Every structure is written in C-alpha cells, then in structure tokens.
Amino acid sequence: MASAMLIVVLLAMASSVVLASDPSPLQDFCVADKASPVLVNGFVCKNPMDVNAEDFFFSGLNKPGNTNNRLGSNVTAVDVNKIAGLNTLGISLARIDFAPYGLNPPHTHPRATEVLTVIEGTLHVGFITSNPQNRLIFKVLNAGDVFVFPEGLIHFQFNRGHKNAVAISGLSSQNPGVITVANAVFGSNPKIDESVLAKAFQVDKKVIDYLQSQFWMDNNN
C-alpha cells in the first residue's frame, strides 16, 4: 500500500513543474555541467549531445534514511545536486523519515514552496505567518494527507506517533535551500554576539553561551 501511494505521489509531483518558482527553461533541457568553471544563476548547460539517461536518474528513494540522531529524523533530498537534469526545471523532491517522536525542526526554504504527502504514520505539521501576526497554522496528518508550506515561511513536521513515519515532499525549485532556524541563529560561524541574542530572546547571556556551544559543535563536526 505504501509503495503504491509513493508512486502516485511521485507522478503527481512530476506533473507539477508548471507551478515551479524557478525561471522557465528556454530549451528541452539544460543538464547541469558541474565541471564548468563558469558561474551563473544555477548551472551551465552540458553539451546536449553528451547527455544520457543517467543525467535524469536517481536511485534509492525507497530506502529509509538514518534517523539515529538527536532529532530522530532524516531528509533525503533529490535536487539538482543529485539529478543534473533538474537544472532549469524548477522542481525537486525529498524523502523525510521520522523515528517515533522524531522532529524535522523549524526551518525555511528560501526559494521554494513545499507540498508534503504523508506515506506512513502520523505527523503534526505547521507553519508560521510573517510579522506582525506570526500565526501558527497547523494540522495533524495521516497517511495519504497532503499539506502545503508557502515559500519562505518557517515550518516543521513532528512525528507524534509510537511508530516510524515517512513523508515525501515536492519543492518548487531545483535547489530550494534550507535554513534551520536554531542552527542558523545559535550555530553561525562566526558566532553572533551573545549580547545581540540575549536581548533578542530576552534571556541571560549564560543561556546564549550554552546554546551557541551546543549548536556550534553540531554545525562544525
């Protein structure tokens, strides 16, 4: 059942290229030439005569990701860095695995809207609107349910069940990017001045020192 649902989800995502936020291609394809020294917004095109099926192929999305970490989650991204043929097509996807009570922590995709489908398990998901409302819009999802996270907004997914959970996300960019809020704020390199964060979060500097030491080690290991 889960395999059949996964196939339906992937086909639906493949048909949603027209909703992508990246610029539309001006030719059949522009397979990324990652060896090129030329810097452009995206990747330079590979000679189309050198293109083959492997440039449009990725294998392994059926394999669970390793959730043996402090958050209990794992994201397997399939973007232009994994499939060179996605260059200029404005779409990518990801598999998200959750251990029981695993969390994909609050984060944003600066270049993409995300459409998430639960394949197995139950997820508590939500996003936060921009200032000044900062509304939390949330929902509990079960297998087969779909939820949309608007581009650039902070969002999260939490497995509230006793069993593993799996979700597939489609993203409207070949390279959506991800900014995990806590990692960025407390684990930046170099560190943000503790006085700035202490005032922003209205906590003692000792709290900031502790959080920065924890996240900085995580980000730089």
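A Cβ is built for glycine as well, from the same backbone N, Cα and C atoms used for every other residue.
Listed in TrEMBL for this protein:
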{"type": "BINDING", "residues": "ASN104, HIS109, GLU114", "note": "oxalate binding site"}
{"type": "BINDING", "residues": "HIS107, HIS109, GLU114, HIS155", "note": "Mn(2+) binding site"}
{"type": "DISULFID", "residues": "CYS30-CYS45", "note": "disulfide bond"}
{"type": "DOMAIN", "residues": "59-209", "note": "domain 'Cupin type-1'"}
{"type": "SIGNAL", "residues": "1-20", "note": "signal peptide"}
Taking each of CYS30, CYS45, HIS155 in turn, which of these recorded positions have a Cα lying within 10 angstroms of the Cα of ASN104 (oxalate binding site)?
HIS155
Taking 8 Å from the centroid of the Cβ atoms of HIS107, HIS109, GLU114, HIS155 as the cut-off, which other residues in that chain fall inside it around the Mn(2+) site?
THR108, ALA112, PHE127, PHE149, LEU153, ILE154, PRO176, VAL178
Using the CB centroid of ASN104, HIS109, GLU114 as the oxalate site centre, which other residues of the same chain sit with their CB within 8 A?
ALA94, HIS107, THR108, ALA112, LEU116, PHE149, HIS155, GLN157, SER169, LEU171, PRO176, VAL178
Tell me, roughly as an integer, the mean pLDDT over the domain 'Cupin type-1' (59-209).
97
Residue among the disulfide-bonded residues CYS30, CYS45 whose Cβ has the most other Cβ atoms within 10 Å:
CYS30
Tertiary neighbours of HIS109 (oxalate binding site) (same chain, Cβ under 8 Å, six or more apart):
PHE149, GLU151, GLY152, LEU171, SER173, PRO176, GLY177, VAL178, ILE179
Based on Cα distances to HIS107 (Mn(2+) binding site), point out the closest of the recorded positions CYS30, CYS45, GLU114.
GLU114
How many other Cβ atoms are found within 10 Å of the Cβ atom of ASN104 (oxalate binding site), counting all protein chains shown?
26
Taking only the recorded positions CYS30, CYS45, GLU114, which one has a CA atom nearest to the CA atom of HIS155 (Mn(2+) binding site)?
GLU114
